[in-house]
Amino acid sequence: MGRRSSDTEEESRSKRKKKHRRRSSSSSSSDSRTYSRKKGGRKSRSKSRSWSRDLQPRSHSYDRRRRHRSSSSSSYGSRRKRSRSRSRGRGKSYRVQRSRSKSRTRRSRSRPRLRSHSRSSERSSHRRTRSRSRDRERRKGRDKEKREKEKDKGKDKELHNIKRGESGNIKAGLEHLPPAEQAKARLQLVLEAAAKADEALKAKERNEEEAKRRKEEDQATLVEQVKRVKEIEAIESDSFVQQTFRSSKEVKKSVEPSEVKQATSTSGPASAVADPPSTEKEIDPTSIPTAIKYQDDNSLAHPNLFIEKADAEEKWFKRLIALRQERLMGSPVA
């Protein structure tokens, strides 16, 4: 049983080897032909040797060698098949990764060379871009100036044409009229033009006056600001002493009677006798009202309703006379 199993194994191995040889011979047929032409003598010798070996009876050692070779070749074929199946199992992802790594290595190798060679070209291109940008800016500025000049010229032409058209229209409108009416119409036009010119001058004067007022107000505000800053500095200083408050109205009142006294001293003694010196009336703090007082007598009607008829008529006549005087003289009613 052991011999039969070994024979079957040997037969299967020999079959596999023959198949492998056929495949290898079909793939390398072209190479073998060229090689056979060059070295025909050697092939003939090897063939004769192989024929002699086949004719001779095979020994036991030869069979052993063949078995060993077939086993080694079969193990090599199985290894190759396994490696192929593994590579197929890896699939496209492995190939893509390998191609990417190769491309990266190529780029990394090629970059320093490009940098070393392209420094001068980068400088020249940078200079060119600078000069081009400057030229573009200059062209844009020139184009803007030309457009502005063309606009100004167009406006001047339009105004000139309008004036010419107005004068032509006036002449065409006055041709059919008699000379007296033409003179009147021209006078009216001249007066209208003068009125327009006066209005324009007045508007200019108003604008100038407003500008002056604004300047004066700004100056006044500046002076007030400076004064305020100085007062704040004086208050914040160490030498500041607190004083009682005095309103500006009281200061003005005290200044006015002093001026009156000076005028009386300059005038004669007769005026001094005629006009006695004015004395200020001191105001009592108790007389200053601190609250509003209402006159409520708990009455339902106004007291004027309880006046007699004659008194009411007299008051009404007096009111009418006052209103009439206001209308005639323009004086307000007291």
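Glycine is no exception: its Cβ is also placed from the backbone N, Cα and C atoms.
Since the structure is predicted, the reported quantities are computational estimates derived from the model, not experimental observations.
Pulled from Swiss-Prot, these are the features on record:
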type     : residues : note
COILED   : 180-236  : coiled coil
COMPBIAS : 1-13     : compositional bias 'Basic and acidic residues'
COMPBIAS : 14-24    : compositional bias 'Basic residues'
COMPBIAS : 35-50    : compositional bias 'Basic residues'
COMPBIAS : 51-62    : compositional bias 'Basic and acidic residues'
COMPBIAS : 78-118   : compositional bias 'Basic residues'
COMPBIAS : 132-166  : compositional bias 'Basic and acidic residues'
COMPBIAS : 201-218  : compositional bias 'Basic and acidic residues'
COMPBIAS : 247-259  : compositional bias 'Basic and acidic residues'
REGION   : 1-179    : region 'Disordered'
REGION   : 201-220  : region 'Disordered'
REGION   : 243-290  : region 'Disordered'
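Each residue in the region 'Disordered' (201-220) gets a DSSP state, and the totals come to 20 helix, 0 strand, 0 coil. Across the compositional bias 'Basic residues' (14-24), DSSP assigns 11 helix, 0 strand, 0 coil.
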